[in-house]
Amino acid sequence: MLASSSRIVPAVATSRETSAATEEETEVEQAAREAEFYFSDINLPYDKYMWELHTANPMHAVPLADLLSLPRMKRFSRYGADWLADALKDSTALEVDQTKTFVRRRTEVTEPKDFTQRTVYVSGFGLHRKHLKDELRTFFESKYSDIIGYKLRQEQLGYHKAAAVFLEFPSISAAKRFIDSPSLTWGERQLTARTMEEYLDSQVWSQLLTRKDAQKYAELMVGRTRSPPFNAFAQKAGTVDEASSASRATGSEEPRARIYIQFLGRRIRVYDEGREFVRPEDVPVVRDATLEFSGIAQGHIDRREPVRLLAQNSSHLVPWVQYTQGDTSGYLVFDKPLSSEDAAFVRTTLGTLFGQPVAWAFLDRENERRVQLDAAAAMARRARQVARRHVRELKDKVFVWSHLQGARRDSREPRTASSRSTAGESDIERNTPASARERREPRMVDRLQRQRSPSMSFPQRR
């Protein structure tokens, strides 16, 4: 496991200690930058989960512990909330309360005007690679001080991904000056810049995106259409809530599929609300079904490698790989407890992983439960992604997704749910009376408990 590095640097430090301090200073800057992104105008109003955290109390303060659980912040969670509070103390966009427990924006959220005209799409950086995001951010922020928003974009080019960025400027004139500047270069590469509006319109005729995909991305990014996936400003105006309530009142709301994942020997319901999509009480407790591998060098690895190696030598040992890129350790989560023979087989077969020797170990009860819940949440997100691709076929049917499908098909698209919806319905619903199903249907409980009087102290806003 990764160990927390010390933030106290002696007055007289060795070269190794100085290097460690410099590395941590870099991580402090990165943590502050990622936190500011989550609260920025380019993300907060269009991120449903962040908006729920933001509006969970009257002071619009978000617990630092919840902020550290977000995907971009997870790699800093090993340092703790106090470390993040210190990292944000000099932020011009965020402020931390005196107890170092909550963080909030220094200014209220305002609806951006002329967003697509003020945002510039820049391409020509070549193929995407690790750490390119930080390099590009440093490059643009050092040369153009009026950039107020930054977002990396990866364009699919066959089997590769090309890097591009969206840069938000405070005004249309500032964006135009950037586009017209003659020295738009990245090393020896000549860059291409255009407004986001022009980019979205061009994608309709591009080979990279179909008209449907371009429209979907536009909805997701800026909420151009009447019904984007989530738009806090549309909800505040009442357009989203009124439409949804009217459809429910008239019974015209399109029925949705019931999504399940097959995990740990049980079918687990996937919900549409919240960030984790599964209820912890629905995930069974299975001991000795998780192995931790450690000792790999930090870098990008292929998660399918352990699955392929085990599938070639065993038909019943097909795990879910729980790993975050950049970590030195990860986990294999199996559907049932491993016997001593199975554990020995895994250690022997996967003694060398990603070209490096690795160490294997079982987890204690608390850590194994945490890993299994994280794996269930990741599988639920994947199941929702697959289900969206077949939304017209599914409608109100049952869709069951298992990681075994992807493992056996070697990352190809799993077959549609329509062919197995009948079997899923018979397993779950066919022999169950309607009244019993209604009683068994769990209530949708918001995981965010609104705090009426949270214990926090912020300076008075001007």
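Heads up, the Cβ atoms here are built off N, Cα and C, so glycines get one too.
Those TrEMBL annotations? Automatic predictions, nothing curated.
The region 'Disordered' annotation in TrEMBL covers 1-25 (among others).
Residues or ranges marked as compositional bias 'Low complexity' in TrEMBL: 11-21.
As annotated by TrEMBL, domain 'HTH La-type RNA-binding' applies to 21-113. Along the domain 'HTH La-type RNA-binding' (21-113), the predicted structure has mean pLDDT 88.
Helix, strand and coil content of the domain 'RRM' (118-198), in residues and according to DSSP, is 25 helix, 35 strand, 21 coil. The annotation domain 'RRM' is assigned in TrEMBL to 118-198.
The region 'Disordered' annotation in TrEMBL covers 409-462 (among others).
What TrEMBL lists as compositional bias 'Basic and acidic residues' is 436-449.
Annotation comment: TrEMBL describes 451-462 as compositional bias 'Polar residues'.
Counting residues of the domain 'HTH La-type RNA-binding' (21-113) by DSSP class, helix then strand then coil, yields 49 helix, 9 strand, 35 coil.
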